[in-house]
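To start, the structure under review is shown below, and the notes come after it.
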Amino acid sequence: MTKTFIFGHKNPDTDAISSALIMADFEQQTGNTEAKAYRLGEISAETQFALDHFNVEAPELLNEDLKGQDVILVDHNEFQQSADTISNATIKHVIDHHRISNFETAGPLYYRAEPVGCSATILYKMYKERGFEIKPEIAGLMISAIISDSLLFKSPTCTKEDVDAAQALKDIANVDLEAYGLEMLKAGASTTDKSAETLVNMDAKSFNMGDYVTRIAQVNTVDIDEVLDRKEEFEKVMLEMSANEKYDLFVLVVTDIINSDSKILVVGAEKDKVGEAFKVQLDDGMAFLSGVVSRKKQVVPQITEVLTQ
């Protein structure tokens, strides 16, 4: 049987890592014994907390050339967010909950995208549809991914399906959703021991928006001001990366996971467009965005709209 590489996006978050592991288990249950989960970056503190809690080993870092290899993408589809050699791979499946952009294949494939808050929610539905066993550790990974992507069900991306899935899984995983979720999110919200470069790259994605390449990074915290006390450090890293990677715009979204608000820091020639997108005036490259927590639903569409007019 041909080996199948399963992975989420670069700079993986908890959903990207968890969904790769879950999908590998799903494929194993279909009889694909050569399916294996990989990762495209370092494990975050939040994700490591989840892996440790449910005694799951992190996926191996993908270093292989994917030319001619069978792959399954989870939690992403855009090629600039995927493995460097993805254009040479044979994409067999995609399981995702994001927009579809910069994606094409030479042949047909199984593509499942749903407007839910988390890829793991789709995978939960797939297990139920096939009558597959959901082991406690798989249930735990599903819950962790849902809580992470929905910020403990507070994000506007969160749907009833996400909540229902987590509720159905909590007894299998033997966790209290509120207590476990808050502990996991706080584990990932510590920033004082991380460099500016690490924080800017920890959860960052690139997007093609019309004629512009935009980089949007997000940092979760319990104290926005503490993070942005290091504004000059962040700006230096963001400007250097923009020059090296040819980003037209770089946006750092610092999100308060307790109060569900964010502040943004923006660099780039088109930064005034970001103020226009949110109908705010940038002050020294920064602005407060009340109620904004979701990059996918509350940041990317708004900036895309002003950059493609």
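Cβ atoms are placed via backbone N, Cα and C, with glycine included.
Its own atom aside, the Cβ of His9 (Mn(2+) 1 binding site) has 27 Cβ atoms within 10 angstroms in the protein chains shown. In the three-state DSSP scheme, His9 (Mn(2+) 1 binding site) falls into the coil class. Annotation source Swiss-Prot lists Mn(2+) 1 binding site at His9, Asp13, Asp75, citing sequence analysis.
Here Swiss-Prot flags Asp15, Asp75, His97, Asp149 as Mn(2+) 2 binding site. Within 10 Å of the C-beta atom of Asp149 (Mn(2+) 2 binding site) sit 27 other C-beta atoms, taking all shown protein chains into account.
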Cα-nearest neighbour of His97 (Mn(2+) 2 binding site) within the listed binding-site residues, His9, Asp13, Asp75: Asp75
C-beta crowding around Asp15 (Mn(2+) 2 binding site), within 10 angstroms: 31
Least Cβ-crowded entry, counting other Cβ within 10 Å, from the binding-site residues listed as Asp13, Asp75: Asp13
